[in-house]
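See structure below.
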Amino acid sequence: MSRNLIYRRNRALCFVLILFCFPYRFGARNTPEAEQSTAKATQIIHVSNSTWHDFSRLVDVQIGSHVSGVSELKRYLHRFGYVNDGSEIFSDVFDGPLESAISLYQENLGLPITGRLDTSTVTLMSLPRCGVSDTHMTINNDFLHTTAHYTYFNGKPKWNRDTLTYAISKTHKLDYLTSEDVKTVFRRAFSQWSSVIPVSFEEVDDFTTADLKIGFYAGDHGDGLPFDGVLGTLAHAFAPENGRLHLDAAETWIVDDDLKGSSEVAVDLESVATHEIGHLLGLGHSSQESAVMYPSLRPRTKKVDLTVDDVAGVLKLYGPNPKLRLDSLTQSEDSIKNGTVSHRFLSGNFIGYVLLVVGLILFL
């Protein structure tokens, strides 16, 4: 038997084994399981997002309707890449292009694809989120496409060196957070990614020469992506090798784990930092709600542990860290307690993890 044939046979066998060990990961998007996985999104959020229009009045609005607020919805979808209109002047008519945009939004956010403004869709649109567009991304289209939810920036840009320096701005900062607190948060966030890929991150003082530049900015800060106030877009970062990571200074950022006792509009800095570092590395948004790279994040929510989807996406770009530990891969067991999302190890599926890692390496 030829070496090439053996290789292809082993790839196929590995894929079958992964299917066997992770059957629930391979369902189509529009299934009862998918609807169950997004059930949390149907809970109307209690915190009003004053930055964006009150979309709640648009629930169940039908195509052909003329309703005040639809123009704001179109502007929102335009902001995140779903509506292409150079004039940026939108009507209040629920038309065909809007229905198509809603369907694409639902697909990208892991919702049942209906094209309708159901409660789960409208609620998700009201949540604070990352400012990076959901579209203009490259979808993973390899043999494992049916299992993957991660995306990349167009062209799949990546860094071509194994050590990246980063610096936190000493001028664009927050008065109520100490420099050391912010640095500690980012050290933890960077370590999440460096633990799974052969890239290390070195903190430096020189902001101008650092590969990755981090700072807090308010409003229009000159990069073409102005921030919009409390609980709108939380942050954004640029594809490699741009290196800029900007956080909205208008947010109430917290760096401890006292989420329950914090303000109703508090945002966990480490959760957002971990997400944005994924963008710095070249990852786009994931349609899997449990993933760190999912675009939306509820206030007072902590989500910092990389899921299998996050890890699979970044491994396809950089390959595995030689020191990658199997038990560092987390499979989400989303349990929302007191406003926090907890990600726990699946202790009962160790063999599945072994096969998954082997499969990822074979497909790299």
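Cβ from N, Cα, C; glycine included.
Because the structure is a prediction, the values reported are computed rather than measured.
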May I ask you to indicate which of 128-135, 240-247, 296-303 is given in Swiss-Prot as motif 'Cysteine switch'?
128-135
Six or more residues out from either end of the motif 'Cysteine switch' (128-135), which same-chain residues have a Cβ under 8 Å from its Cβ atoms?
49, 80-82, 104-105, 108-109, 225, 227, 231-237, 251, 267, 272, 275-276, 279, 284-285, 295-299
Same chain only, sequence gap of 6 or more: which residues have a CB within under 8 Å of the CB of GLU251 (Ca(2+) 1 binding site)?
PRO128, VAL230, LEU231, LEU234, VAL265, VAL267
